[in-house]
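Below is one structure, written out as structure tokens; comments come after it.
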Amino acid sequence: MSFSSIVSKFLRYLEIPAKNRTAVNFLRNPDLQPIKSANQTWGFWSNLAYWGAVSFTAGTWMSGSAALSVGLSYPETIVSFLLGNVLTIIFTMANSYPGYDWKIGFTLAQRFVFGIYGSAFGIIIRILMSIVNYGSNAWLGGLSINMILDSWSHHYLHLPNTLSPSVAMTTKQLVGFIIFHVLTALCYFMKPYHMNYLLIWSCVATCFAMLGIVIYLTKNAHGVGELFTSTKSTVTGSKRAWAWVYMISYWFGSISPGSTNQSDYSRFGSSNLAIWTGSVCALLIPATLVPIFGVISASTCDKLYGKQFWMPMDIFDYWLTNNYSAGARAGAFFCGLCFTMSQMSSTISNCGFATGMDMAGLLPKYVDIKRGALFCACISWACLPWNFYNSSSTFLTVMSSFGVVMTPIIAVMICDNFLIRKRQYSITNAFILKGEYYFTKGVNWRAIVAWVCGMAPGLPGIAWEVNNNYFHDSGIVKFFYGDSFFSFLISFFVYWGLCVFFPFKITVRHDDKDYYGAFTDEEARKKGMIPYSEISEEEIRAYTLGECYTTGHEYKPESSDNESPELIKTSSENTNVFEIVHQKDDEKHSFSTTQQVV
């Protein structure tokens, strides 16, 4: 057997089973199609829990430690976080509309903006961010697992470290990390739109756990401690102002990967009102309160124990080490269980499933959401997440770097949706190679240029954040401090300007029929589409299931006044290829385009 035949056989083995995919090509996958209206079940509480799960985590709890690096007082840091939440709401909700309007996820939205081939650019960046975020969340999840195991066994609490001193983790931490990965991997066998119940329960449980910790510490310390109220800002004047800007930018940067792929989950919403109210409440209330809880706990611990414990896991480790009582063990178990649930919910929704959706767009023939999520879990080890939490400055660097890369993508997507396309997209054209979103050789170079222009000025700032001795250019540093503002404006207006001076032709505004069952009959008619219930099963198969590409069936839809797509069969030796020919006439002009369907 030749090497090429071995490779071909291996690739066929890796293909998604035929029952789980609709067509054998690089553009189609069931996970990429719009969500059917029956699965759009996320109401207010589900949307609140989706973003609430991000806040009710150990990472958000300890985020107040960032104030140590920039010199702001803790009250100032909390206010800057509140302003950062407002910025996050603006960017996130503006970037939600592809999911609102057309029930599609981030992957198809990237095809609309960056092109059929160019979409890989934004998708790969989002995958890389998810992998880093996955490792970070999983590490904290492993520490939460250890809270549970510590409460079960005094021996495990004092488990000897058998790893090399040069490794920034212990044997016990490694055990918890592995267990968390295994438990999380089991959740990838459910559909993303079914995990809203896990999100809701984890938010409720962790909220009560956090409240319990803060109330207990505050009661024993007879107040919130002097650290919270008396800590003064160590910077003044313009440095203080830029520190404010930095904390606002950092706060959005830490959440920017989730804001970028917001349409992945906004498409599950039962109504726009539920999406708006749930998301806004979550991004305002828990996202502001949880950092306050973290600061209060560190302040009270400093008064009670002479140490500032920023991680809730460290608090319970201290309690169990000094008093392995039944009460301490019960508290460690239940709080550890709650934090484990919250870390799992955040990791699964914002990292695992997000990567699965993205990879399904890159390699739909070989990867579905489940496989992509498991890949993300495996590769997340490579980013060495145990190094992220060695110091507050390292944590800050990791979190702030997300925004430098992701904010320009958000800016381009928002500009394209509102100013260029006017919130009108053709879903079927996202599965057509040389169709509406082919642009120039499959790439919208305008979007690429706009992203580079917004991203590049922030890269030196990341290097400076890692090592302040690289250079002392205050302009570069200040740009990095306000990157979330500056990069957004640069990319937004560069893309808009390029589209004005180098326009591309928009020939298809939106589909004339709801081929994917994404809307109710009433919603479809409001959008000027023929409802799914009024389309023949034969036509639905032709447009969505790809049946005609394997059976050789030829389908010709009925013509309409405005547009008459005609499915024409052309043959090659081994393959049947179909083309959709669009013909449109009005009083001012007429044109026809031929688009290859794959």
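Keep in mind that glycine also has a Cβ here, set from the backbone N, Cα and C atoms.
According to Swiss-Prot, the transmembrane segment annotation covers 48-68, 71-91, 112-132, 174-194, 197-217, 241-261, 273-293, 372-392, 395-415, 447-467, 484-504, on the basis of sequence analysis. The phosphoserine annotation in Swiss-Prot covers S560, S572 and is backed by a large-scale study or a structure entry.
Below 8 angstroms of C-beta separation, residues 113-115, 118, 121-122, 393, 396-397, 400-401, 404-405, 407-409, 411-412, 415-416, 473, 476-477, 479-481, 483, 486-488, 490-492, 494-495, 498 of the same chain, each at least six residues beyond the ends of the transmembrane segment (447-467), sit close to that stretch.
Proximity of distant same-chain residues to the transmembrane segment (197-217), defined by a Cβ-Cβ separation under 8 Å and at least 6 residues beyond the stretch ends, is recorded for 45-46, 48-50, 52-53, 56-57, 61, 187, 286, 290, 293, 296-297, 300-301, 304, 312, 315, 331, 334-335, 337-339, 341-342, 344-345, 348-349. Panel annotation: around the transmembrane segment (484-504), residues 87, 91, 245, 248-249, 252-253, 256, 403-404, 407-412, 414-416, 419-420, 439, 444, 446-447, 449-451, 453-455, 457-458 of the same chain, lying at least six beyond its termini, place a Cβ under 8 Å from a Cβ of the stretch. Same-chain residues lying 6+ beyond the ends of the transmembrane segment (241-261) with a Cβ under 8 Å from its Cβ atoms: 51, 54, 63, 66-67, 70-72, 76-77, 80-81, 83-85, 87-88, 91-92, 95, 105-106, 126, 129-130, 133, 233, 235, 350, 354, 357-358, 396, 399-404, 406-407, 409-410, 413, 478, 480-485.
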